[in-house]
Amino acid sequence: MDPLGTACAVALALSAVYRTAVRAPWPLTIGLWVTSVSQLVSALVTTLDPPLMDLTGWANLSQIITYVLMVASSYIFARTTCEVAGMNTLWALVITWASIIGMTAVYLITNLSTTPSLVVETIPGAPSYVFSWLLAVGLLPTHIAAVIGAKKGQENRVLFWLFGIYGVVGALYPLLMVLDRVDMYTLRWPLEATYPIVWTIQLVSFTALSLAGVVGARRHIQSGAANAS
């Protein structure tokens, strides 16, 4: 089990538990639970992938589950931010489905589902390169919504910018996978160098997201107290 991945999952779960306990609005809480599960699965890749491949015949399946959950949670957070800022959410839904369908298709019809790898985006060839871009696109909704929302809202600016940190820093991960290519088949840096960087990026990103969950819950409590008085 990867320690940084476990730390990400725990931080997200604690935020989700707190929001559940205080009965904060459910969309963000569900998003935190989904993301926590995605990071727990990601931390267990080396444990889960071999038996899943034996069971299904597909390599790297736990990683694909992780990425689909990450993109889905990105939409949940983007939708939450958009609703608070009074923005339309259809664009985020379109991007999310395009990313999920695209990643799934690339995985199923290429060597990504037959070539075991600790990080599926580092498998040499065009499929992993395209997959990295689709993942990056799928993480865009949170970033776009947070930046626009931060400009439109004053009262919730801290919450918006925490989402922004999550979106911007989190997007560095797939971007790193794209930049790690000299060409379609040659990696620029060894996996031993990029793997800890990826998890550090994830830890910063998801810590910001966890804090956003707590801040949002606190404001929900304060709002309820003000209404009661």
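Just so it is clear, glycine is given a Cβ too, placed from its N, Cα and C backbone atoms.
Note on the transmembrane segment (58-78): residues 27-28, 30-32, 34-35, 37-39, 41-42, 44-45, 48-49, 52, 89, 92-93, 95-96, 99-100, 103-104, 107, 112-117, 119-120, 135, 138-142, 144-146, 163, 166-167, 170, 209 of its chain, located 6 or more positions outside it, place their CB under 8 angstroms from a CB of the stretch. Annotation source TrEMBL lists transmembrane segment at 58-78 (among others).
Remote same-chain residues near the transmembrane segment (90-110) are listed as 60, 64, 67-68, 71-72, 74-75, 78-79, 82, 120, 125, 127, 130-131, 134-135, 137-138, 140-141, 144-145 (criterion: CB distance under 8 Å, separation of at least six residues from the stretch ends). Residues or ranges marked as transmembrane segment in TrEMBL: 90-110 (among others).
Positions annotated as transmembrane segment by TrEMBL: 130-149 (among others). Counting same-chain residues at least six beyond the ends of the transmembrane segment (130-149), those with a Cβ under 8 angstroms from any Cβ of the stretch are 67, 70-71, 74-75, 77-79, 81-82, 84-85, 87, 91-92, 95-96, 98-100, 102-103, 106-107, 112, 120-121, 156, 160-161, 163-164, 166-168, 170-171, 174-175, 177-178.
Per TrEMBL, transmembrane segment is recorded for 158-177 (among others).
What TrEMBL records for 197-217 (among others) is transmembrane segment.
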Item to complete: Could you pull out which residues elsewhere in the chain have a CB under 8 Å from any CB of the transmembrane segment (197-217), counting only those six or more residues past its ends?
Response: 2, 4-5, 7-8, 11-12, 14-16, 18-19, 22, 24-25, 28-29, 32, 35, 39, 77, 119, 158-159, 162-163, 165-166, 169-170, 172-173, 176
